[in-house]
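Inspection log for the structure reproduced underneath, given as structure tokens.
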Amino acid sequence: MLRGPCRIFRVSVAPVAALAVALVSSLSRCSLLEPEDRVVSPLSPYFGTKTRYEDANPGLLPDPEAPRRDPQLLEETCTPVQLVALIRHGTRYPTTKQIRKLRQLHGLLQARGPGDDRTRAAGGGDLGAALADWPLWYADWMDGQLVEKGRQDMRQLALRLASLFPVLFSRENCGRLQLVTSSKHRCVDSGAAFLQGLWQHYHPGLPPPDVADMECGPPRINDKLMRFFDHCEKFLTQVERNATALYHVEAFKTGPEMQNILKKVAGILQVPVNNLNADLIQVAFFTCSFDLAIKGVKSPWCDVFDIDDAKVLEYLNDLKQYWKRGYGYTINSQSSCTLFQDIFQHLDKAVEQKQSSQPISSPVILQFGHAETLLPLLSLMGYFKDKEPLTAYNYREQMHRKFRSGHIVPYASNLIFVLYHCKNAKTPKEEFQVQMLLNEKVLPLAHTQETVSLYEDLKNHYKDILQSCHTSEECELPKVNTSDEL
């Protein structure tokens, strides 16, 4: 039962400031328009990490608040006793960097002289002129903040999970929920919106109180866990700050597939091809996705590209994610082992408490992070690994690749571990079993393709990762010998 208000910001001063700023900004910077009717585009399946959750999970479209129970979920004599969920933030605004690139492209269109309007003079439609007149409503303050659609993503996810696992998300358990979040405002706000969804589940029809007055929580900022990549000096030095680390990404930008799109778009927009580059083309493509997701509008930017263009631009996005966050450089996936250990520590504790007939202290653990949090972890676990690495030179061969970031980590994507206690188990080992869900669908085990595992077997499969995780050593830069040799 709810026992009265519980201040959600009982954390240290710095996290308090981060939480407060993020929540205040979410109230003061209200979304310009919340989409009412879903607008679709044939380009939607190719937006990579900018993909809407419902485009990756279309079964939710008829009723986004109703749970869709995967028929492979355990039931009958097995009862869920703990849930650990790693959740990407909901739909967000573009970053300031993306907005400035779009502003640069918009300026090119507005700078076109009368002599450039050849298609209009010939009586044809001028898409460049339409885009020059299209309102550029993005502003620097938006900088990746959660939008109203992103809050809706989280509220609806909360409603579905609470209905799917009613015992775990009972009102009695509300005060025992654990929430961990990245310090980024979009993650803090996603956690707050999720709690609002739970309130809606517990109190249908009643407006939620201020998040600070809800008992569920409080959220705790832990960037070492949720943004482990920012705390790995080897990754930052060898990949993030290394201009040559993303060689295949830069090579693909100048390769024939992207150059063909560059020339085509220059012709459509009637701007000199030398004024365009792959980064501007990509931001134009993503603007189509942002307008769709944030405002529910199919803007003229969507008309610049066709399906073949979209597939190439998706591959460019996937190349970056593959080399930076996936299998390209293993240092990032290796540094995610701390998060993997944390998940199993929660599961271990729940098993121990259940075996000793104690109540589970934290039946639900919710962790709010980023695509950059989920992808390395899934790579560490061996998921979505293709036989050949993604490179700048095998686009055609990788048309049917497993590693498609928009199908794996769209906005609001989630990786869920569910621990079950099975009463009629024949042996003690069979008493505890685990299932994993990716985006609310049962995720077969990477090593067996089975949909359920005995908990001890799953731990044993990943024992090398769990036992040899020494992030401080893995992330330490090699010592450079600066002594003079005589």
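Positions of Cβ are set from backbone N, Cα and C atoms, glycine also.
Look at TrEMBL and you will find 1-33 tagged as signal peptide. Marked as disulfide bond by TrEMBL: Cys78-Cys422, Cys288-Cys302.
Residue pair Cys302 (disulfide bond) / Cys422 (disulfide bond) shows a Cα separation of 51 Å.
Of all the disulfide-bonded residues listed here (Cys78, Cys422), it is Cys422 whose C-beta has the fewest other C-beta atoms within 10 angstroms. Neighbour count (other Cβ atoms within 10 Å of the Cβ, all protein chains): 21 for Cys302 (disulfide bond).
Between Cys288 (disulfide bond) and Cys78 (disulfide bond), the C-alpha separation comes to 45 Å.
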